Amino acid sequence: MELDKVKTHSLHCNAAVLSSLQAPTSATSPQSFTSKANAVAEAAFIENSNQQQNVQKDLNSHNRDCDSPVSSTSELEKEFDDLRKLHTSSLTNSVVVGKSTGSLNGDYSITSATSKTKTLESVVTINSATGSACLTIASTADHIKKRIPNSRTPTRKALRIKFYRNGDRFYPGVTIPVSNERYRSFERLFEDLTRLLEENVKIPGAVRTIYNMCGKKITSLDELEDGQSYVCSCNNENFKKVEYNPGSQPLSNLTLTNNSRPYNQRLAKHRPASPLKNGLLVGSSPLAVCGGGTGNGSPLIASKSSDRVTVVHPRIVTLIRSGTKPRRIMRLLLNKRNSPSFDHVLTAITQVVRLDTGYVRKVFTLSGISVVQLSDFFESDDVFFAYGTERINTAEDFKLEPEELKAINVIRKTMRTAGTTCKGPKPKMPIKSKKVYPPSVNSEAFKAATAPEDDRHATLLTSTGIEINELPSNIRSTYTLGKIIGDGNFAIVFKIKHRQTGDSYALKIIDKNKCKGKEHYIDAEVRVMKKLNHPHIISLILSVDQNTNMYLVLEYVSGGDLFDAITQVTRFAESQSRIMIRHLGAAMTYLHSMGIVHRDIKPENLLVKLDEHGNVLELKLADFGLACEVNDLLYAVCGTPTYVAPEILLEVGYGLKIDVWAAGIILYILLCGFPPFVAPDNQQEPLFDAIISGIYEFPDPYWSDIGDGVRDLIANMLQSDPDVRFTSEDILDHYWTIGNEGNECTTYKR
């Protein structure tokens with residue numbers, strides 16, 4: 001606090017005043033001397049009065065600078081009156097006591113303005129004709145301090161709280177001040193946390209719940225404790241008990257000073273962002289999180305971490321666990337989510353290999369070269385030895401036993417990218433699982449075309465067993481009915497046109513009588529589609545539920561489904577396939593971020609928009625009849641045989657990654673015109689055995705002109721083990737999908 005120079009208020013009196021203070025019973029001075037002293041005091045009083053306005057201006061200026069209330073001029077006058085009465089009570093002659101901004105002889109005093117100062121020094125100067133004497137009166141001024149409250153002191157100290165993202169053990173968290181003044185309601189805190197998390201990580205929705213680190217639900221601001229950490233949950237997610245960012249700085253070391261916000265923002269930006277959020281491309285931060293040290297001095301430095309974005313891509317590596325031979329062989333999927341830094345990769349490896357000695361401290365390639373930086377995991381080597389604190393025998397430990405070599409070769413066989421010669425006839429596409437009705441040209445259709453509109457509608461509906469009067473009135477009055485564009489086991493689809501705008505839509509009529517016992521699938525389809533809003537997912541315009549039928553007005557795509565397009569062109573170029581897999585991957589990423597699995601991804605359920613030359617411009621995912629929300633492992637056996645994942649057939653429980661398997665089958669078909677797993681005469685048992693084995697080929701001549709990049713992507717999407725299979729985000733992160741195929745020469749050799 002700066003020091004303010006406060007001019008002293010001098011009290012001038014004659015020598016008689018001084019003598020009266022020292023000896024109240026002393027004799028009275030001569031009259032002439034008294035008159036002279038009174039004249040001097042009167043002159044001082046006049047000068048002080050003239051400068052009173054300047055004193056008030058100085059006080060007002062000081063009040064504005066300190067931003068705190070000060071005593072008014074009237075209050076100061078009262079104090080001077082008290083002083084005057086105190087001293088004049090002992091005077092026998094008339095004495096004038098004046099208040100001044102400075103003594104006549106130029107004396108002044110300095111008063112500290114700090115909050116700890118509890119005394120105010122007042123200097124009283126008494127002048128006489130022969131000399132002067134100073135009387136200093138010191139009095140405590142606690143009452144003045146009470147009249148000058150510190151407006152900067154908050155009424156309640158804000159709590160220092162750290163929040164994590166539920167289930168995300170790599171997110172460093174965000175620390176914010178929390179108080180009742182800052183957040184008037186719990187919902188306001190939810191809104192602020194949603195905004196902060198969306199800036200740094202991808203979340204499936206708004207923050208709805210807060211848990212403490214033990215999983216107890218927090219229901220009010222009063223339950224939050226200062227210095228503690230909490231977990232934010234979105235869309236009513238259950239609490240996930242994981243080790244939340246063990247390498248982050250302890251909360252006790254964080255401060256809420258003016259530098260705390262830039263620190264938290266910088267730390268939060270270290271975590272890599274997904275390249276696709278709700279179908280829109282977003283940038284990734286070039287920085288990586290420097291996690292907790294491994295104990296052996298991990299060589300991750302700032303200059304290397306800046307290259308993380310360029311080196312990290314989805315990749316499956318093989319791990320050999322240290323121990324007694326033959327050693328255990330495991331696999332691990334590395335991607336931007338679990339590999340933002342070298343230390344994070346070591347943590348991921350530790351959780352997979354589970355060493356007896358604890359944490360993985362050292363990693364070596366198959367040739368015995370030490371892995372010392374993040375980029376080493378994403379180069380040509382894909383097999384690594386994992387060690388803890390035990391000593392390493394370089395002469396023996398890096399030699400593979402026959403059993404170990406066999407296990408590695410089996411793994412590599414499922415990742416095969418080399419072409420083999422196809423023996424026998426070319427495999428064929430499976431039969432389409434639904435019927436498509438082409439336009440009829442017979443005489444009956446011609447008569448129907450020339451009939452009135454209602455008659456044509458009746459003709460179309462009668463062929464499907466639906467009466468025109470059964471159509472909901474709002475659909476019948478708003479749209480005109482067109483041709484049948486497809487049907488399935490439980491539904492039929494018409495092309496309809498809006499009467500006013502002329503825009504085309506699709507009307508899906510679901511027959512409830514054919515869905516006895518499966519009505520929940522219909523309800524789930526409508527419930528899921530109402531939640532969706534993505535450029536590569538068919539939009540639901542209107543739904544009408546009646547006793548016998550469910551009517552869905554859907555977005556219309558002019559090019560038809562992908563199955564028909566494959567039938568016409570047999571195979572697509574890599575550039576066209578890349579467009580379609582990007583759009584499909586974006587749609588799956590959006591679905592999976594909301595915890596929704598489609599369960600029936602196949603060419604028949606993918607609609608395409610074509611240009612005048614037949615090139616695919618856009619792909620949209622449709623038909624959510626089997627879609628559902630995933631809260632735990634699913635066990636229901638469903639889907640289409642050609643595209644079903646092995647975990648569904650094995651009935652061991654499945655989740656979101658069955659959609660990735662189906663997308664891998666589709667990408668394979670796009671490039672060569674037939675699926676990787678086939679059986680003679682489409683027999684299901686041999687087909688299922690082939691799918692469970694996970695072994696397939698890239699046979700020549702159908703794959704001879706197709707690059708290794710897309711083969712690598714397919715191999716990672718068709719992993720039998722869902723734990724190492726690519727996620728939908730990994731599909732989008734793969735260099736072939738991005739279009740950066742220059743990487744493949746050095747980093748994707750098998």
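Heads up, the Cβ atoms here are built off N, Cα and C, so glycines get one too.
The feature active site, proton acceptor is assigned by Swiss-Prot to Asp600. In the shown protein chains, 21 other C-beta atoms lie within 10 A of the C-beta of Asp600 (active site, proton acceptor).
As annotated by Swiss-Prot, ATP binding site applies to Ile485, Gly486, Asp487, Gly488, Asn489, Phe490, Ala491, Ile492, Val493, Lys508, with the evidence given as similarity to another entry.
Look at Swiss-Prot and you will find 159-245 tagged as domain 'Doublecortin 1', backed by sequence analysis. Mapped onto DSSP classes, the domain 'Doublecortin 1' (159-245) shows 16 helix, 26 strand, 45 coil.
According to Swiss-Prot, the feature domain 'Doublecortin 2' maps to 315-398.
Averaged across the domain 'Protein kinase' (479-737), pLDDT in this predicted model comes to 90. The domain 'Protein kinase' annotation in Swiss-Prot covers 479-737.
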Close in space, distant in sequence - Val493 (ATP binding site), Cβ under 8 Å, 6 or more apart: Ile484, Ile485, Gly486, Asp487, Ala506, Leu507, Lys508, Ile509
Cβ-Cβ distance under 8 Å to Ala491 (ATP binding site), same chain, at least six residues away: Lys508, Ile509, Ile510, Asp511, Gly625
C-beta crowding around Asn489 (ATP binding site), within 10 angstroms: 10
Binding residues Ile485, Gly486, Asp487, Gly488, Asn489, Phe490, Ala491, Ile492, Val493, Lys508 (ATP) - maximum C-alpha distance in whole Å: 15
DSSP helix/strand/coil residue counts for the domain 'Doublecortin 2' (315-398): 17 helix, 25 strand, 42 coil
Nearest-integer angstrom distance between the alpha carbons (Cα) of Asn489 (ATP binding site) and Asp600 (active site, proton acceptor): 14
